[in-house]
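Working notes, structure below.
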Ligand code: SF4
């Protein structure tokens, strides 16, 4: 049994209902008061942050799986389009009832009958195939993959592109004319312009050529916005196709059908051998991730994608571990370049001796002094009260002796009325008791057996003597 995906939403609804009752009761106590009750859903149950981070991780993982397979998908849709076009032309030229072979090696029989469409029978499966529909789907699958991967548009923005969306922009410096694509606002009320690359230009030209069908102008059609539930004014939409006697704007579900057919025919599989599935929004995530990985500044990527906040754009990007490693390595390289180069040379013999001597000087009666390398003692060697002393459990008898001595001195100071001395001895006593407790704790934790291995100092001393 899988956990419910939208459990948080249901919790929010229930909690909101209880809160509504409480608010209504404040306005009309007689009517709503009897219904007020403590909400069984706690505020923490409606916390969406963990859910959001899980969803983001799942989306990132999806992008990491789909991005490397994108070149294979592009090749597959191109090949499918060519094969479908060849198949359609061959089928149209083949006489009724005659066999012909498709580029994929399938043997088909041309169907008889008068129709603008080309039908064929597949003897292997016994199915009738509409070669016109197959070619049309292959074309729109190729077109949508190319448009979305080159622009990173939302699907509704792509479907709203019209022949009027092309804008010629003259560069102020060189006077060169650059083709731009005007994207109508979908989510935010902000129009944006995208640069038309040569590859994108080729795809858009192929779409226009297909839709015009040799006519002077593109057909004007109305598109139905299923989200706004509105019909648009008749426009020369780029994504439109002939349905029977009329031209119609292409709806979203047709795009999904074309994409799913193309993916099923491509045979692309994921890490678990399952068939890969691309949604139109996956191309947007891939576009953002690829753009940021290629060094496009996030604020420029945000403008291209039509995001008001850069954080939204970064939320789309699936950062790869290799990116993290590369950035960390470049950070270390940058820091090294900023630090003085003499810090990275071999130490001199004197410096090495000073380094070893520092560790010798850190040994004190009650343990080891943990002050920084090259720094003098700033506590006047009052090690009992010093916080940087690491007590040695083997010195416990010595510290117990000091502790007993401090008690005697405290007694004497009190008897003599040396009140200033009393406060100092009491502070030393408290510190000695704390260090004793630390030594006892360390003594109980020391369970390793010393095997008599040579320690660092003896090795260093031998090296020094050999030199
Ligand atoms: S007083 Fe502190 S810093 Fe100074 S030698 Fe003792 S432990 Fe080290």
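Just so you know, glycine gets a Cβ as well, placed from its N, Cα and C.
Per DSSP, the region 'Disordered' (40-59) is made up of 15 helix, 0 strand, 5 coil. What TrEMBL records for 40-59 is region 'Disordered'.
Residues or ranges marked as domain 'Tyr recombinase' by TrEMBL: 113-329.
Per TrEMBL, coiled coil is recorded for 396-442.
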> For the region 'Disordered' (40-59), what are the same-chain contacts with Cβ under 8 Å, counting residues 6+ beyond its ends?
Replying inline: 8, 11-12, 14-15, 18, 285, 315, 318
> Tell me, what is the mean pLDDT of the coiled coil (396-442)?
Replying inline: 88
